[in-house]
Amino acid sequence: MRTQPADGSYHHFTRTMRDENDLEIETEKRANMRHQLDSMIMLVFTAMFVVIVVTAWFFKHYKIRFLHESGVTLIYGLILGLILRYTEFGTIESQTLEVRPQNGSNIYVPPDYLRLQVSKPNSNDTMHFHYEMAAGFYSDTDLKERHMERKTVFSPEIFFNVLLPPVIFNAGYSLKKRHFFRNIGSILSFVFIGCTLSSIFTSLIMFMFSWVFRLGFTFIELLFFGAVISATDPVTVLAVFSEMNVDVDLYALVFGESALNDAVAIVLSGIVDHFTSHTAVFAVSDLFAACAEFGYVFFGSLFLGCFVGCTNALITKFTDINDHPLLESALFILVSYISFLLAEVVHFTGIVAVLFCGICQAHYTFNNLSEESQARTKQFFEAISFLAESFIFLYIGVSLPTSRAEWSIIFVVVAIIATQLSRALWVYPLCTVLNMKRKPKIERNHQHMIVWAGLRGAVPFALASRNTATAHRQIMQSTTSILVIFTVLVNGGLAGWMIERLGIKHGQNQPQTPTVPESDQDDDMNIFNGNQRRSGRNPWDKAFLPRKWYNFDAVFMKPLLTNANPTLMETLPGFCEPLARCLTTEKQLRNRELKRTQEVPSSLEEESKTTE
């Protein structure tokens with residue numbers, strides 16, 4: 001579609017051009033100016049990261065618990081945002097050209113690209129400039145553009161495609177499997193039932209207040225908002241748990257919920273957004289369709305992530321790539337990211353896929369890696385996850401003062417009340433139901449702490465920022481920013497005080513709270529005695545389905561995907577021996593022979609002791 005400038009704006013744009021070379025000179029000059037400012041922006045953010053790292057060390061060294069580094073990062077971001085907002089820092093002279101469709105034609109969808117034709121002064125030649133739609137752009141009538149402020153508005157796709165995948169993958173890759181699977185039933189109940197109830201209760205409470213205060217929000221809009229903010233990120237509380245050495249089951253419940261409900265919240269909000277964009281009324285039939293769509297997307301993403309993780313396990317098992325740790329680590333990182341991209345391409349959810357890819361790779365692929373690659377991949381994803389999460393919290397702080405989105409103080413206050421209240425409404429009843437069969441039971445003071453640990457973080461902000469086309473969506477985005485800051489500073493800052501206040505046992509008398517990733521070599525799930533596992537060591541003994549999966553994993557999945565013993569030649573029936581031999585590596589056979597040679601002296605020693 002052709003466009004033409006609004007009245008007089010074109011002449012204003014070219015009035016300073018005197019000859020045909022001035023246009024090229026001015027274009028190059030402005031490009032250099034913007035490059036310099038972009039470098040300045042990178043310098044500012046990098047310097048802020050240095051300050052954040054030093055501050056994190058200071059807090060850990062002096063065991064300061066009232067404020068986590070994520071809270072400090074938010075504060076630093078707020079300070080930087082206020083500086084950008086109320087000073088001339090990052091301001092350059094610029095000109096805005098107003099364009100409109102030619103011949104009065106109408107457009108109903110904003111164009112992705114704009115091609116502008118500019119005539120060279122004193123010449124018949126023209127130049128074409130191509131402009132791309134800027135994410136989060138708001139019109140500015142001033143002749144001075146606050147370039148630095150606009151550069152702090154990033155595309156939401158950067159969050160979903162670049163920043164969130166390593167954070168979510170690291171959550172799965174560093175999962176404390178022993179305590180996680182011991183509480184798997186309660187964690188899954190928190191994730192699926194709790195996340196859904198949280199979305200519904202939040203939307204109902206906010207709809208009631210919206211009707212009272214005449215805010216104009218529909219229930220469908222608030223249901224989407226409830227799904228967005230149902231994801232929790234209690235990184236501050238978990239850090240306090242580790243420092244104070246609280247009960248390992250409480251740690252596992254809070255960590256397990258946060259590790260999985262991000263994925264559920266993303267799928268849930270996507271389903272609600274999809275159905276609300278196609279229908280004005282959410283009927284009962286739409287509810288069943290939404291549930292079916294949720295199951296299809298979530299479990300499809302889950303199986304896809306597991307498939308990619310298992311494929312990488314086979315690659316690392318049947319090749320000698322571990323002789324080259326650098327290539328091995330590069331392959332591991334690339335295949336992990338492929339799980340995210342592949343899920344997005346086939347219309348699944350990449351966050352779910354990359355989470356379970358991380359869990360699978362930690363359980364299988366990790367055991368095939370060389371020791372150097374094991375350490376390298378762990379450290380790489382821990383560092384990238386830390387930097388990505390720090391950037392998101394810093395960006396939340398920066399964007400709050402600089403954003404020109406719509407605000408509603410009433411909506412913010414109601415959202416804070418609704419999120420705290422809705423979490424309590426599902427935690428206590430659900431824990432009561434779980435305690436009917438669960439041993440050990442979830443104590444009442446632990447339930448209080450679970451309610452308090454409902455901090456919001458990167459995922460709700462990224463979801464809320466993905467679509468800000470309407471005033472209501474802008475209010476949701478700004479409210480989510482406030483909610484993240486409030487919960488991190490208040491709930492996170494008072495976590496240590498709450499532990500003391502609630503009388504939760506902690507300190508030297510408690511079993512050590514897991515703070516580092518567990519190796520499968522030491523996991524209870526890998527303990528064998530010949531072809532049988534040692535009884536009483538598996539935390540799933542009392543659960544039927546987990547026990548069946550454990551046995552299947554021990555006799556088939558582990559021998560197939562890793563170099564662990566026993567091999568498939570020992571665990572599969574005799575008629576499968578030719579196939580089992582093809583799927584068994586020389587390394588597994590050497591490990592088996594080494595194990596047998598170690599068992600012979602020990603048996604002889606036992607015989608001699610018996611004879612004596």
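Any Cβ shown, glycine's included, is placed from N, Cα and C.
Your range for transmembrane segment, going by TrEMBL and the list 250-274, 475-499, is 475-499. Taking pairs at least six residues apart, the transmembrane segment (294-315) and the transmembrane segment (335-359) share three or more Cβ pairs below 8 Å and count as touching. Beyond the transmembrane segment (335-359), the same-chain residues lying 6 or more positions past its ends with a Cβ under 8 Å from any Cβ of the stretch are 160-161, 164-165, 168-173, 175, 259-260, 262-263, 266-267, 270, 297-298, 300-302, 304-306, 308-309, 311-312, 315, 459. Contact count against the transmembrane segment (40-59) (Cβ pairs under 8 Å) is highest for 380-401, out of 158-175, 380-401, 475-499. Highest Cβ contact count with the transmembrane segment (158-175) among the listed stretches 66-84, 219-241, 380-401, 407-428, 475-499 falls to 380-401 (criterion: pairs under 8 Å). Of the ranges 187-213, 380-401, 407-428, 475-499, the one with the most Cβ pairs under 8 Å to the transmembrane segment (66-84) is 380-401. Per-stretch counts of Cβ pairs under 8 Å to the transmembrane segment (380-401) identify 475-499 as the leading one among 187-213, 219-241, 407-428, 475-499.
Non-local neighbours of the transmembrane segment (219-241) in the same chain are 65, 68, 70-71, 195-196, 198-203, 206-207, 210, 250-251, 254-255, 257-258, 261-262, 264-266, 268-269, 272-273, 276, 282, 389, 415, 419, 422, 452-460, 463-464, 472, 476, 479-480, 483, 488, 491-493, 495-496, 499, 513; each lies 6+ residues outside the stretch with a CB under 8 Å from one of its CB atoms. Sequence-distant contacts of the transmembrane segment (475-499) (same chain, at least 6 residues past either end, Cβ-Cβ under 8 Å): 65-68, 70-71, 74-75, 78, 221, 224-225, 228-229, 234, 236-237, 240-241, 244, 246, 393, 396-397, 399-400, 403, 405-408, 411-412, 415-416, 419, 448-449, 452-457, 460-461, 463-465, 468, 506.
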